[in-house]
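What follows is a set of notes on a single structure, which appears directly below.
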């Protein structure tokens, strides 16, 4: 390594030090999904980021999705995907596949990636330690012609109703990094598939996490000129939804951020998971890497 390279590395570490101190012993929940999950190099970079957070004294918790992988497995098993109002209907056969893919193959792949860095990850879902309980989701859709709302029956799609932080508190005191699949039981004995974003928000809220990071396929919230908005308050986010600046699929993402803040999360960040080491850039640099939403 040349002298110039050594000086550059030393400078970068010196700049990162205040942020490492700021987040020491703090909980950061990272929702991992999107393009990064299907890219081997980005997956390794993500695992390295999570490992470095742990090594820096942070308490990282990973929550992951897996929609495309679920769809691929359903096709492979010859099970037709059904949709109501654009939302997947999860019948008994489908929820069994969902649990197999999310809590099985995907979860263990992420655990293995983190373990390869030398850290110690453990794979979980909402069933473990009675961590999360869910109930059947109640979704409605409005007919554009009649303006009449009707209730959608999405089967075993659930909403989080209770989070018990006991297991996560125990893991925070250990060397383990929890990797959690968004599958949870109901008090009725059923198994429910839960939207990974809202699941991550519920976990982060229950832990009063310092940060909740959503890794997406976009840089963050953009203004009407297509430029990244670095920071928004909840009130500003509501205003941008009202005036159409925030639209389409970004609306439910931002609404989930707002719900998480109301639940006790100190700040939520939407950032681009397609950028290698975006987690480290967000946490350990002055300007971050996405859009920070705060109370």
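Numbering starts at 1 and runs along the chain as it is shown here.
Glycine residues also receive a Cβ, built from the backbone N, Cα and C atoms like all the rest.
Some features that Swiss-Prot has for this protein:
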- 31: site 'Transition state stabilizer' (SITE)
- 66, 67, 88, 193: substrate binding site (BINDING)
- 253: site 'Transition state stabilizer' (SITE)
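Geometry remark: residue 253 (site 'Transition state stabilizer') versus residue 67 (substrate binding site), CA distance 16 Å. All chains included, 16 other C-beta atoms sit within 10 angstroms of the C-beta of residue 67 (substrate binding site). Separating the Cα atoms of residue 31 (site 'Transition state stabilizer') and residue 67 (substrate binding site) is a whole-number distance of 13 Å.
Of all residue pairs in the substrate-binding list (66, 67, 88, 193), the one with the greatest Cα separation is 13 Å apart. Sitting within 8 Å of the Cβ centre of 66, 67, 88, 193, and not among those site residues for substrate, are the Cβ atoms of 65, 70, 71, 90, 98, 102, 196. Spatially close to residue 88 (substrate binding site) yet at least six residues away along the chain are 81, 82, 94, 154, 157, judged by Cβ distances under 8 angstroms. Around the Cβ of residue 193 (substrate binding site), a 10 Å sphere holds 26 further Cβ atoms from the protein chains shown. Reduced to three states, the DSSP call for residue 253 (site 'Transition state stabilizer') is helix. For residue 66 (substrate binding site), the same-chain residues that are 6 or more apart in sequence and have a Cβ closer than 8 Å to its Cβ are 33, 37, 101, 102, 106, 181, 196.
Counting Cβ atoms from all protein chains shown, residue 31 (site 'Transition state stabilizer') has 29 others lying within 10 Å of its own Cβ.
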